[in-house]
Amino acid sequence: MAIFAVTNSQLSFNLFNFSVSRREAFISRQAASGIRHRFSSSRWLSLNSPPTNTHSRSFDSFKLRCSITNTDVHFNQVATEDEDLSATDSTTPILQLKSDVLETESLNILTGDTYVDNLLTALPVLSEEEQEALAATPAHPEGLYAFYASCLAGNLVEQLWNFAWPSAIALLHPSLLPVAVMGFFTKLVIIIGGPLVGKLMDHSPRVPSYIFLNAVQASAQLLSVAMIIHAHSVSSASASSSLLHPWFAVLVIAGAIEKLSGVALGVAMERDWVVLLAGTNRPTALAQANAVLNRIDLLCEIAGTSLFGILLSRYDPVTCLKFAAGLMMSSLPVMIGLTWLTNKLSAGVLDRAKCSQSCCRTSAEGPLPDADNLVDTGLKAIKLGWREYIQQPVLPASLAYVLLYFNVVLTPGSLLTTFLTQRGLNPSIIGGFSGLCAFMGVAATFISATLVRRFGILKAGAVGLIFQASLLTIAVAIYQSGPLAQRSPLLFFLCLIVLSRLGHMSYDIVGAQILQTGIPSSKANLIGTTEISVASLAESLMLGIAIIANDVSHFGFLALLSLLSVVGASWIFCRWLLNPTEEQRSLFSFDPQF
């Protein structure tokens, strides 16, 4: 007979493996209560009760396990009441357990249903404040900070170069033709190569592929710098003759490779890396990370365009391009080091497979690319990418995003920069205009949070699109009312474009989270690069029109087409918002306004 008592108040019971059958059985030695006593010295004691006929009860195979921590155990050697002390040398251990927890309460055996109900109701549940705090805490905060630093180094160079190359080419020829031709072929390469690169990235390790693309992008930028410097030393008399020179062909190829690498890097950062580092099930942390990425990109745009604009107003283009080349070469090792640091600080989360071993080759993403038949693989990737893109549940939001790419005139970019340069504006003013547009984007990262709280995530996107379309309508009306020969109408026209960026970037921030919610991570790169390909197709159509109407006098017609694209994007998104499907409702069930 064993009697036990606990002298410490810390006692925990774990009850499991309880089942009921139709037969009666005694608690035998084999099925008796196994009691685990865990002492402060980390040693365990197991006791089995011998069978006792006087305490037989109806059970099925019943197993009880107790875990007792920090318990003082006292043994006394005594004899049982009906036992002859002279007949045996053995004694029965009595384990005295004294506990203020178990005072007079007896341990009730629960039935199956009651046990399950009590088990479920006893599970700890976080309070609303704790859930909000958890949702706002990134999964890997240190890795996320290193990732921000890497994005800062890469985006600064990219944004400076996006402003530098059209400005340098615009100083060569008084026409939109060279810039339009470069933009057209660049978008054509993205349309064809985007899905293939996305498919390759979905089946490649994240960190090595990211570093490789950074190296390719930097090399293409340096080659483009060399070609433009060469063009300034042997400038031609007409724009059409420049298109036939070998340096321009090399410049087009290098520019296309640079842009394709940049698109792939951007998709990987925005659709894959940031989701893993912030946490897939932490929406507030993910939203904050998206806002930080947008601020970094826009601050880099402000710094890059303003810096190159000031340099271009004081020095000759060749000197400015050499400065840009030095910045490119110095930033590459910094980005590589920060990329490895990001993975190390995030406990190797970027090394995780993007799909399980059993489905990597047989999933909807299709088989791995075959290096021996790259053309056929590329065509299959394009077909697969377009199919997955069309079948995504947030297609209307993506189409609205694509239509905004038709707006190649009423937005800071190569064509508008070329137009303003040929109007005779000072490069510092043009750089300041681009910087103000980027500053509106930074402001949008803060305003968008207010819009989301007030209207919900989807309605906030609609507000941004409608705001942009309204201001651009006024801007085009001012331009069409008369030529912008005087400085004041031109500056007012540019101010309206600057303010419209507030709505554009608000939708850009909200749209990114909409797409992150609706697209599975295993297809993020494929669908993301395909989306960029579709957007590039839209942009290439506008650039093709600009090639035909390359004279500056046709700028008003191009501006009108750009306005229609923004209005169309607003109409598509609002129509989807008013008529959602059941799948879309389930995806955005967390949005109280949807």
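Cβ from N, Cα, C; glycine included.
Because the structure is a prediction, the values reported are computed rather than measured.
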Task: Stretch carrying transmembrane segment according to TrEMBL (options 153-174, 373-394, 527-548) - done: 527-548
Task: Range from 457-478, 490-507, 555-578 with the greatest count of C-beta pairs under 8 A to the transmembrane segment (432-451) - done: 490-507
- [ ] Please work out which recorded stretch in 210-232, 244-268, 399-420, 527-548 has the most C-beta pairs separated by under 8 angstroms from the transmembrane segment (555-578)?
- [x] 399-420
Task: Tertiary contacts of the transmembrane segment (527-548), as residues 6+ beyond its ends and Cβ separation under 8 Å - done: 176-177, 180-181, 183-184, 186-188, 190-192, 194-195, 197-198, 201, 263-264, 266-267, 270-271, 382, 385-386, 388-389, 392, 398, 401-406, 408-409, 415, 515, 519, 558, 561-562, 565
Task: Chain residues in Cβ proximity to the transmembrane segment (210-232) (below 8 Å; excluding those fewer than six residues from its ends, i.e. six or more beyond) - done: 154, 157-158, 161, 165, 168-169, 171-172, 242, 245, 247-248, 250-251, 254-255, 257-258, 261-262, 264-265, 268, 273, 317-318, 321-322, 324-325, 328-329, 331-332, 335-336, 339
Task: Beyond the flanks of the transmembrane segment (176-198) by 6 or more, those residues with Cβ under 8 Å of it - done: 166, 169-170, 239-240, 242-243, 248, 251-252, 255-257, 259-260, 263-264, 267, 369, 377-378, 381-382, 384-386, 408, 414-415, 418-419, 525-530, 532-534, 536-537, 539-540, 543-544, 546-547, 550-552
